[in-house]
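Asker: Sharing a structure here in structure tokens format.
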Amino acid sequence: GSMAAPRSFSAAEVRERCARGACLVRCRRRLYDLSAFVRLHPGGERLLRSRAGTDVSAALDGPPHRHSANARRWLEQYYVGELQESAQPPQRCFSLSLQGSPEAEKPACAAARRLDPRCRPVDVGTDLVDWRKPLLWQVGYLGEKYDEWVHQPVDRPIRLFHSDVLEALSKTAWYVVFLVWTPVVLYLSWVSYTALAQGNTRLFSSFTTEYSIPVHKYYFPFIFLLGMFLWSLLEYLIHRFVFHMKPPASNYYLITLHFLLHGQHHKSPFDSSRLVFPPVPASLVIGFFYGLLQLLLPEVLGLSIFVGGLCGYVVYDMMHYYLHYGSPREGTYLYGLKAYHVKHHFEHQKSGFGISTRFWDRPFRTLIPEETFEKED
């Protein structure tokens, strides 16, 4: 990073920034401006609301938990300068505990110094890649450094391709997914139901006519829900075994593929244009599963399961976006799920693969341990 002396802030300057709506936190005398990030953190909205009162010394935590080394590295991106030695910390400036307890400020800062003796800001500008150029063709050269690098998140947008057209196709706003696929779900649901209503669909008819089972139109909601259930399993398996494969350090192409599929999201988890699956590449994957179900099952039955799965996918993508950018109320299911997903990004990348549900993490033994959400004594 730059060797220039850090800017010095007086208590009055900090108080003025806070009065204008900034969210400043301090670790000893180091000041960080988390105004842009605080709403994305579990508990961030609660912290902002607390500023209206007099007691604003709360740590920047939602469900109490220790902050990981990645969280400490992440914090350094928001470093703005030092609080003047003579200045008392202003009342409206937050004291930050990197270990999760307000009383643990000194040990927390000691931990930060152990991470980096000079406690300097992380220089993401020279972070093994040239951020001014498309990353997709660079990451394969990182080799054995790739796995560690991709799991050290940064708060900055990512460009993948040289081509503006390809770059545009690799990004999308969250509502595009809803607008594109919801009409498809509704139309195919109607097609499936009306086809079942004709009474011609029978299970096992390709093997035996005598013992084949008629599939009535009243079964459609249950078949639809079966499709959503199967999608949740598929979501877990894809996330765990495809998105979180560890590509061989010597294979440039597998590293590149991993970064394209999911590594980019772990490197920059708050790049809002890369949180949902763009419709063009998604249509290729969705078409594959449609064809597979048509091969395995009677046409209308396969379509009914498919449309349930497609609905499950839309819910999953909307949920994933919300877990990154939403502010669920403390104590709700979504609040716990957001904290769980943040843990997956910053500390437990080899567990916590459920997005819309933690259900499959239990039987597959990849549940993030509950104790990681508790404060230390």
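Even glycines carry a Cβ here, placed using N, Cα and C.
From TrEMBL, for reference:
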BINDING   His41, His67  heme binding site
BINDING   His239, His244, His262, His265, His266, His320, His324, His341, His344  Zn(2+) 1 binding site
BINDING   His345  Zn(2+) 2 binding site
DOMAIN    6-84  domain 'Cytochrome b5 heme-binding'
TRANSMEM  173-198  transmembrane segment
TRANSMEM  218-238  transmembrane segment
TRANSMEM  275-297  transmembrane segment
TRANSMEM  303-323  transmembrane segment
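Neighbours and distances for these, please.
Answerer: Around the Cβ of His324 (Zn(2+) 1 binding site), the number of neighbouring Cβ atoms within 10 Å comes to 18.
The number of other Cβ atoms within 10 Å of the Cβ belonging to His345 (Zn(2+) 2 binding site), over all protein chains shown, comes to 21.
Mean pLDDT of the predicted structure over the domain 'Cytochrome b5 heme-binding' (6-84): 64.
Sequence-distant neighbours of the transmembrane segment (173-198) (same chain, 6+ residues past either end, Cβ-Cβ under 8 Å): 215-217, 219-220, 223-224, 272-273, 275-279, 282, 299-300, 303-304, 306-307, 310-311, 313-314, 317-318, 321.
Same-chain residues lying 6+ beyond the ends of the transmembrane segment (275-297) with a Cβ under 8 Å from its Cβ atoms: 169-172, 174, 176-177, 180-181, 265, 303, 305-306, 309-310, 313, 317-318, 320-321, 324-325.
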Asker: By a Cβ-Cβ criterion of under 8 Å, what residues six or more beyond either terminus of the transmembrane segment (218-238) are in contact with it?
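Answerer: Result: 189, 192-193, 196, 301, 304-313, 315-316, 353-357, 359-361, 364.
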Asker: Same chain only, sequence gap of 6 or more: which residues have a CB within under 8 Å of the CB of His239 (Zn(2+) 1 binding site)?
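Answerer: Within the chain, His239 (Zn(2+) 1 binding site) has Cβ neighbours under 8 Å at His262, Phe353, Gly354, Ile355.
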Asker: Taking the Cβ of His344 (Zn(2+) 1 binding site) as the centre, how many other Cβ atoms fall within a 10 Å radius?
Answerer: 23
Asker: His266 (Zn(2+) 1 binding site) has how many other Cβ neighbours within 10 Å of its own Cβ?
Answerer: 19
Asker: Test of understanding: give the count of other CB atoms lying within 10 angstroms of the CB of His262 (Zn(2+) 1 binding site).
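Answerer: I count 17 other Cβ atoms within 10 Å of it.
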Asker: Cα of His345 (Zn(2+) 2 binding site) to Cα of His324 (Zn(2+) 1 binding site): how many Å, rounded?
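Answerer: So the Cα of His324 (Zn(2+) 1 binding site) lies 10 Å away from that of His345 (Zn(2+) 2 binding site).
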